[in-house]
Amino acid sequence: MVIKPKIRGFICTNAHPMGCAENVRQQIAYVKQQPTVSPAPKKVLVIGCSTGYGLASRITAAFGAGAATIGVCFEKPPTEKKTATAGWYNTAAFHQQAEQADLYYHTINGDAFSDECKADVIERIKADLGQVDLVIYSLASPKRRDPKTGEVYSSTLKPVGQTYTTKTYDTDKDRVHDVTLEPANDEEIANTVKVMGGEDWELWLSALHEAGVLAPNCRTTAYTYIGKKLTWPIYGHATIGRAKEDLDRAAAALNERYQDIQLQAWVSSLKALVTQASSAIPVMPLYISLIYKVMKEEGTHEGCIEQIYRLFTEGLYAESATLDEQRRLRMDGKETNDATQAKIEALWDQVEQDNFHQLADYEGYHSDFLRLFGFGLENVDYDADVDPVVNW
Ligand code: NAD
């Protein structure tokens, strides 16, 4: 079939297999051009490995450090009539490239929140790798089924404490307008923490430790976004921010609990970027379009792969990484420093419907959005008839 993007609201409902493969290839090429990650992990588990920051983490571990990788993701396979999700095609492309490079890989497509998935991963580690020395936790999910009670929790993206009115950009209608967001109630806050907080990260580490598959001096990190004044009301100080604070609690608990193997756990703060997860958050498309404009002008713009390569070399495996007061690794400084934020705030105050396309880099935002699904990449013939069925 000839595959063209089908965009519905903030999501694209199909994906292009060749475009996704090209996207993965470009990320691998970037990592290969950089100095080898050293010291480096050898056997890596990436939970949430198929898109965004998790995919970049897997690519950096494999192609930047030569590591064997086991990945976990939750992706839809293709049929004759319907394309797979982008993460499916990304994973197929990653496998193909890892195979050619003679790197061990295995991916489990299942619900990472479940006990079964954890048991499958442990079995696979025992059979093929023995132990892992790095665990990346990069899940972004709107829902979580509690493995003990079976109850399904949903996260919400709402302010905490008070109603918040702000500008937003509707990507579907190409319209800048005000949006008023009602504050979350206590249950919505608690549910968001249940989905996106540290509990599942802790359950993973607990299961892996109990099974004896964490190597001595194993490292682990979960990803957060902290942001600044413009995003605090909808992110940092909102429901999702509460969940992310819970990651800080979990990191401290993990460091305390697994001293027997000298586990080192960090929360890593990454910059705002277009991913499937961030495009669903109100305000973020507008904010990201503005930071793209400012950071590209400053020459400090980075994508997922650049951020994660730096996280490995300047954070996780640096001789002396700089930590913030919460003991987090910070890779977001090029976005959150005061000078850059002042420029973004100045644009934010001016931006309205008529000047949006001049003040913001919406073209950059939109192009990155399409690329997430394998569209708009160089070297891909989008008029060609392609088979959507790609297996791994
Ligand atoms: P993403 O949507 O691109 O990736 C999410 C990954 O989780 C995918 O691999 C998906 O398959 C997997 N997944 C989702 N539900 C799953 C389930 N039930 N079982 C197994 N796998 C599942 O998201 P992302 O933006 O890369 O986010 C990853 C992490 O990085 C999140 O914690 C997010 O908060 C954080 N982060 C994102 C940004 C940003 O701007 N995008 C910035 C800083 C931090």
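Cβ coordinates come from backbone N, Cα and C, glycine included.
Just so you know, TrEMBL annotations are computer predictions that nobody has curated.
Some features that TrEMBL has for this protein:
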ACT_SITE  Y235  active site, proton donor
BINDING   48-53, 74-75, 111-112, 139-140, K244, 273-275  NAD(+) binding site
BINDING   Y225  substrate binding site
DOMAIN    2-80  domain 'Trans-2-enoyl-CoA reductase-like NAD(P)H binding'
DOMAIN    82-317  domain 'Trans-2-enoyl-CoA reductase catalytic'
DOMAIN    323-386  domain 'Enoyl reductase FAD binding'
SITE      E75  site 'Plays an important role in discriminating NADH against NADPH'
Subset of recorded positions (S50, L139, Y225, Y235, V274) lying within 10 A of E75 (site 'Plays an important role in discriminating NADH against NADPH'), CA to CA, in sequence order: S50
Contacting binding-site residues for ligand 1, chosen from S50, D111, V274 when the Cβ sits under 6 angstroms of any of its atoms: S50, D111
Integer Cα-Cα distance in angstrom, L139 (NAD(+) binding site) to Y235 (active site, proton donor): 17
Of E75, D111 (the recorded positions), the residue whose Cβ has the fewest other Cβ atoms within 10 Å: D111
Residues that sit under 8 angstroms from G52 (NAD(+) binding site) by C-beta distance, when 6+ apart in the chain: S138, A140, L273, T275, Q276, A277, C304, L372
Helix-strand-coil residue split for the domain 'Enoyl reductase FAD binding' (323-386), DSSP-based: 35 helix, 3 strand, 26 coil
S50 (NAD(+) binding site) to the residue listed as 'substrate binding site' - Cα separation in whole Å: 19
